[in-house]
Amino acid sequence: MNYLIVISFALLLMTSVESGRDAYIADSENCTYFCGSNPYCNDLCTENGAKSGYCQWAGRYGNACWCIDLPDKVPIRIPGPCRGR
């Protein structure tokens, strides 16, 4: 019985769970995507696997795209400088 529990727990840990997060989507240089309209951001976010997105006006990084439920594999804006501009 204990072996069954241990094996079940091991299988649970080995399965990859794709989680999502809400964040500013970023390019490879840690720069946000500048925006002026919600449809632009929604398209950008959904093309990258998010549920939706919108333009966050006058936010922490200026006018930038904010994505809802963005997959872990997509880069997000992290603290530090934007290296591309």
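Positions of Cβ are set from backbone N, Cα and C atoms, glycine also.
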Swiss-Prot annotation, disulfide partner among Cys35, Cys41, Cys45 for Cys67:
Cys45
Cys65: disulphide-bonded cysteine as recorded in Swiss-Prot, out of Cys41, Cys82:
Cys41
Between Cys41 (disulfide bond) and Cys67 (disulfide bond): CA-CA distance (Å):
8
For the domain 'LCN-type CS-alpha/beta' (21-83), would you mind checking the mean pLDDT of the predicted model?
97
Spatial hits near Cys65 (disulfide bond) (Cα distance within 10 Å) out of the disulfide-bonded residues Cys31, Cys55, Cys82 come to Cys55
Neighbour tally for Cys82 (disulfide bond), based on other Cβ positions within 10 Å of its Cβ:
13
Cα of Cys41 (disulfide bond) to Cα of Cys31 (disulfide bond), in Å and rounded, measures 14
